[in-house]
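Here is what TrEMBL says about this protein:
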- 52-84: region 'Disordered' (REGION)
- 65-84: compositional bias 'Polar residues' (COMPBIAS)
- 109-317: region 'Disordered' (REGION)
- 116-138: compositional bias 'Basic and acidic residues' (COMPBIAS)
- 162-175: compositional bias 'Low complexity' (COMPBIAS)
- 176-185: compositional bias 'Basic and acidic residues' (COMPBIAS)
- 193-238: compositional bias 'Basic and acidic residues' (COMPBIAS)
- 245-258: compositional bias 'Basic and acidic residues' (COMPBIAS)
- 271-281: compositional bias 'Basic and acidic residues' (COMPBIAS)
- 295-304: compositional bias 'Basic and acidic residues' (COMPBIAS)
- 410-579: domain 'Tr-type G' (DOMAIN)
- 413-561: region 'G-domain' (REGION)
- 419-426, 465-469, 519-522: GTP binding site (BINDING)
Ligand SMILES: Nc1nc2c(ncn2[C@@H]2O[C@H](COP(=O)(O)OP(=O)(O)OP(=O)(O)O)[C@@H](O)[C@H]2O)c(=O)[nH]1
């Protein structure tokens with residue numbers, strides 16, 4: 001409320017000026033004209049009067065009440081707790097001052113104002129008088145000085161008119177009296193201004209001019225400096241404020257310029273100097289000591305920014321050195337882990353997962369993302385995605401191996417023997433080994449390593465000892481073309497059979513030349529011409545008949561024609577001009593692998609190029625490791641193996657699949673990379689297969705409604721038989737019944753196999769392996785049947801029969817008892833005798849037995865003796881000790897003797 005004229009007030013309240021004038025009078029205020037001012041106090045008085053006159057009594061007091069209720073739990077004397085409501089009431093009273101009192105106060109304030117105005121006027125008067133007096137005094141002094149300074153003229157009575165005024169206070173009243181000036185005691189010579197000569201005047205004027213000019217320059221300099229200082233200060237302030245905004249600071253601190261004057265300028269100069277020193281040392285933001293401080297500062301900055309404080313922290317300033325963003329070319333393989341990707345972009349994995357989340361992908365650091373997603377993400381982060389093939393690292397390794405190869409030489413041919421069941425494949429392999437491998441070299445025991453090589457007059461020939469098209473195709477399915485020549489065995493008395501045809505197809509598909517071995521020529525029913533005839537229907541025509549297929553008539557039993565067959569093989573090899581580099585890093589193919597107690601994973605490999613040596617770093621399939629030892633097929637340690645030579649290696653951490661290619665690498669990091677990649681790829685493929693299976697089954701179920709599955713869990717002794725069985729089982733599926741191998745592997749049947757079979761309602765099949773004790777117990781408890789086989793076709797036939805529903809009663813073995821061999825004694829009289837403990841069932845003297853080593857069948861035969869305390873007995877029961885000897889086989893401590901009998905069972909698969 002400011003002072004207003006009567007007219008203004010009238011306009012404000014919407015009344016006439018005369019009405020307002022009347023109201024003012026009524027309110028006891030002095031009468032006013034229209035343009036007279038009404039003070040604030042008067043306006044208040046008027047409002048109070050008007051309110052009273054309208055009967056509006058002002059509220060003297062205002063009471064504010066508030067109530068809150070809450071519940072509290074209290075424990076009563078009885079110990080029981082109960083809830084009570086607590087009500088808190090609060091009252092606040094505001095009292096308004098009395099208007100009369102207010103009026104009094106107003107009047108007092110008015111009075112005080114008047115008094116203070118009077119006092120101010122009086123003071124002003126006094127000040128003016130004092131000023132006048134001091135001026136008079138100054139004038140007098142000046143006059144006196146002039147008089148005394150070089151003036152010949154004596155002071156005259158001019159000074160007499162100078163009087164002194166003094167302020168005399170009498171009885172509280174202040175009066176000003178003017179007294180005639182007292183005559184100074186000492187006569188002061190009054191100076192009369194000297195009359196200037198023209199030269200003097202000129203000089204004075206010049207001096208004055210010069211002085212004025214200097215003054216002007218000085219003023220100008222000061223002004224410019226002040227302006228510059230102000231400008232710089234403003235600039236610094238703006239820059240500092242810039243720190244709290246997103247804008248980049250543009251100003252630079254220049255050392256050569258002086259800064260603003262004064263305290264602020266000094267402070268700024270000092271702090272900038274400190275900043276420059278810190279930047280120079282590189283410690284302004286990164287020093288470890290400063291990190292904590294920096295954090296706090298950052299927090300403060302954020303806080304300040306929130307509070308809208310921008311430039312008030314003159315002492316908190318910093319200069320961020322602008323860092324140019326580095327754009328990386330990020331190589332992305334078909335699948336890449338989040339952590340890997342982050343590392344390639346030099347960012348934290350957390351940032352990548354965050355961005356992925358924004359893109360709608362939930363992934364952890366260890367998760368793998370596909371190439372497309374990774375490329376998008378890399379672009380999003382401002383880098384260049386460079387998609388690369390997954391096999392790039394593999395290819396690089398391969399290239400590196402190839403580069404190191406040299407000294408190309410003729411290499412021995414690698415031969416696979418194929419043919420129909422029982423046509424004599426194994427017999428032929430055995431016969432060749434028997435006749436061509438010197439007994440001394442063999443050392444008495446021939447190891448089964450999946451391959452062996454023989455020396456003939458025409459050179460070395462390597463045979464893959466994994467007969468059958470299943471093994472052949474299993475290897476081929478992995479891209480391993482290990483075989484150079486296929487020897488097709490056809491029994492002369494049986495002729496071309498279904499698997500003969502299959503073998504021809506397989507060999508043709510692989511582009512491998514065939515040599516036919518017409519076997520069993522010693523047999524009376526042998527009819528080689530019939531065989532030749534039948535083969536022509538498959539376009540396999542003998543050279544004798546104008547074709548190009550060499551055919552040897554042989555007998556695996558007598559050895560007849562075997563040399564001729566070997567001759568044919570050598571000739572074929574010569575024709576094929578098989579060559580391989582002898583020097584350099586080795587590469588080849590895994591023939592078989594198995595786990596052996598005490599030796600770990602044992603892997604049979606066939607070297608195709610280069611020379612494999614002990615100590616080499618080998619990458620085979622998904623595994624890599626240093627070759628600890630090399631042994632040949634005779635169990636002899638060797639230092640190296642050249643092209644086409646099979647050898648057994650120790651040192652890999654796990655068993656790679658048969659057919660996997662192996663390489664010798666120098667870079668362990670790359671080996672690991674490739675191994676990891678292959679593991680992932682294998683896992684993904686398996687997942688895909690499983691998913692497809694699920695989908696497939698769903699479709700089948702939906703479409704057919706009556707489809708059924710035969711689930712199988714399969715364990716075998718070696719990889720070769722596993723691959724062969726899997727391939728054979730795969731082909732058994734029909735429209736009505738699908739064979740589904742839920743799980744398969746090499747080694748004894750374990751507890752987890754039983755659990756899996758139980759949960760998936762699968763048949764548990766063991767090929768030349770047994771269930772271990774815990775697995776057996778679990779299977780017994782679940783009333784599950786584990787089926788053991790030693791012959792591939794036996795297993796396949798059973799599965800086939802089960803599928804076709806022709807489950808006729810079968811004869812199969814039932815295990816009657818198991819004894820653990822604890823110790824082996826040798827005596828000249830009895831030979832080797834084994835001290836045993838019967839751990840299951842009963843051991844019978846006259847029933848067939850099997851010897852198990854590491855739960856794998858190593859011998860089938862009969863007992864030679866069974867004794868208890870030197871007495872021959874017919875049976876020994878569980879928990880009893882016994883001594884026994886196996887006919888034709890030397891058992892070892894740790895072996896198990898399993899007694900079985902052939903029983904008739906109703907088929908239940
Ligand atoms: N008389 C005679 N019998 C032979 C000859 N070759 C093999 N046999 C017999 O034929 C049977 C089958 O021989 P294998 O060598 O096991 O035949 P396979 O082709 O290896 O059989 P699978 O391994 O079951 O595929 C055996 O009983 C052999 O003794 C031969 O040249 N003459």
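The backbone N, Cα and C atoms fix where each Cβ goes, glycine too.
Quantities reported herein were computed from a predicted structural model and do not represent experimental measurements.
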| remark: Its residues classified by DSSP, the compositional bias 'Basic and acidic residues' (116-138) shows 23 helix, 0 strand, 0 coil
| field | Of 419, 422 (the binding-site residues), the residue whose Cβ has the fewest other Cβ atoms within 10 Å | value | 422
| query | Taking DSSP states H, G and I as helix and E and B as strand, how many residues of the compositional bias 'Basic and acidic residues' (193-238) are helix, strand and coil? | reply | 41 helix, 0 strand, 5 coil
| field | Number of helical, extended and coil residues in the region 'G-domain' (413-561), per DSSP | value | 50 helix, 36 strand, 63 coil
| field | Least Cβ-crowded entry, counting other Cβ within 10 Å, from the binding-site residues listed as 425, 521 | value | 521
| remark: The mean pLDDT across the domain 'Tr-type G' (410-579) is 83
